[in-house]
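Working notes, beginning with the structure itself.
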Amino acid sequence: MFHVPLLIGGKPCSASDERTFERRSPLTGEVVSRVAAASLEDADAAVAAAQAAFPEWAALAPSERRARLLRAADLLEDRSSEFTAAASETGAAGNWYGFNVYLAAGMLREAAAMTTQIQGDVIPSNVPGSFAMAVRQPCGVVLGIAPWNAPVILGVRAVAMPLACGNTVVLKSSELSPFTHRLIGQVLHDAGLGDGVVNVISNAPQDAPAVVERLIANPAVRRVNFTGSTHVGRIIGELSARHLKPAVLELGGKAPFLVLDDADLDAAVEAAAFGAYFNQGQICMSTERLIVTAVADAFVEKLARKVATLRAGDPNDPQSVLGSLIDANAGQRIQVLVDDALAKGARQVVGGGLDGSIMQPMLLDQVTEEMRLYREESFGPVAVVLRGDGDEELLRLANDSEFGLSAAIFSRDVSRAMELAQRVDSGICHINGPTVHDEAQMPFGGVKSSGYGSFGSRASIEHFTQLRWLTIQNGPRHYPI
C-alpha cells in the first residue's frame, strides 16, 4: 500500500487536521493508497510555499533551470518501475504507464530546451528617443490540475512548461491517482529544483470543490491549467474568470475518424483500433466516431476481426492488453449509452460484456443522431460507425459535435485529405494516423467544448509568461503641459 503525504515547501507532511482518504483498486476493491486529505489551510500553505520560492527560481539563469529539468527527466525514467507499480490505482495496463513515463520524460526535456527560447521584441516607438521593448517574464505561482487517465503525462504536462518559464507550481493531484501525482512532485524535488518550487496537494473527493476554489482564489496564483472533463472544466473556467486568472483548459473529446473511399483499409483499421481501445478508450483523444463512406462494409468487417483479438481484463495478465476501466460506475455509465443505442436500432457488430470494471471492447454500426452515443462522450472502449455518402457528408458528420479536440482522416490522396482537414472543427487533425497522438513539442489543445488554450513547448510560453511593455527614454521629451 502506498502512503501519500502532501508535498509543501519541499517537505512531506500530513494534512493539518490529520485527515486521510483511501484509493481502492478498481479490480479488487483493496486499498491501494492511503492519502493525506488537504484542508483549506493546507491549500493556502502550498501556495505560500510556491510564492516564497518564486523569486529565487525565477532569477535562475535559464541554463540552470534547463539543467535541473534535464536531471528530473533522467530521474523520472530511472524510477519508471515505481510509476508502473502505481498503475494499480487506476487498473491500467503496465504498457500504458510505461508509455506515460516515456512521453513525460520527453516533455521535461522539451521544457528544458525552451528555457532559452522565451523571447520578446523591440518595437518602433513614435516618441523621439524612446526605445521600446516587449518582454516576457514569469507570472508567479501556477496552479496545475491533472487527471487520472494519463497520470504521468498529464501530471508532468501541468507543471513542466510553467517551471521552464520561471514560475513555481502547485499540482493538485487527482483523487483517483494520488500516489502517481505525488511521485511526480517527489521526482522534481529530488532533481534539485528547490524547496517550494513544486508543491503537491491531494484532497478527499468530497473536498475537491472547496479546495480548488480556495487555490484559484488565492491572490498569489496567477495562472491556472486544467485537464479533465468538460463539465468540471466549465466550473474551473468560471472560477478562473471570476478571479481574473487566465486558464488553459483541455477538456473532453469525441474524436472523428474519417475513412475516405480511397483509404488504405488495413492501415486505417490498425489506427482505428489503437485510437478507440487503447487504455480502454479512456483518453481525451480516443477515437469514438468512425465516419465511413462507400467502403464502410469492408472497413467494418476488417475492424471487427481486429477487435475480436483484443481483450480487457486484469492488467497483470499478459493476454489483457486493455486493462480495466477506472471503476465499476464507469462501466455502468457506458453500458447505459450502449443499451440506448441498441434499443434505437444500432447493431452490435462485435465485442461487449461488462464485469465490474472490466468492459470488453465493442463496435456498434448503424448509429444515428437520436442515439445518445452519437453525441455524448463515452470515455470507454466503444466505437460507433457513422455512414455517409461522399466527402462533404463525412465532413458534416465529423463537425456535428460539441467537441473539437482530435480528429483523423485516412486517404491515399493527401491533397484531398488536407482540404478536408482544414475544415474539420478540431484543434488537432492527423492524416493517415491515429487520433491518439501526442508529442511534447506540438501545440495541443481543442476548440468548442474541448476547451481553449494550448499545451506544448512554444505554445505554452505565451500562457505561462507575462508580456510586458518596457521603455527607455534617451534624451529630452516634450510634454504638452
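Numbering starts at 1 and runs along the chain as it is shown here.
Every residue gets a Cβ built from N, Cα and C, even glycine.
Here is what Swiss-Prot says about this protein:
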BINDING   Gly228, Ser229, Thr230, His231, Val232, Gly233  NAD(+) binding site
ACT_SITE  Glu250  active site
ACT_SITE  Cys284  active site
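Glu250 (active site) has a Cβ environment of 26 other Cβ atoms inside 10 Å. Counting every protein chain shown, the Cβ of Val232 (NAD(+) binding site) has 19 other Cβ atoms within 10 Å. Calculated from their C-alpha atoms, the gap between Glu250 (active site) and Gly233 (NAD(+) binding site) amounts to 8 Å.
All chains included, 22 other C-beta atoms sit within 10 angstroms of the C-beta of Gly233 (NAD(+) binding site). Counting only residues at least six positions away in the same chain, the Cβ atoms of Asn149, Thr227, Glu250, Leu251, Gly252, Gly253, Leu405, Ser406, Ser450 sit under 8 Å from the Cβ of Cys284 (active site). By the criterion of other Cβ atoms within 10 Å of the residue's own Cβ, the least surrounded of the binding-site residues Ser229, Thr230 is Ser229.
DSSP assigns Thr230 (NAD(+) binding site) to a helix.
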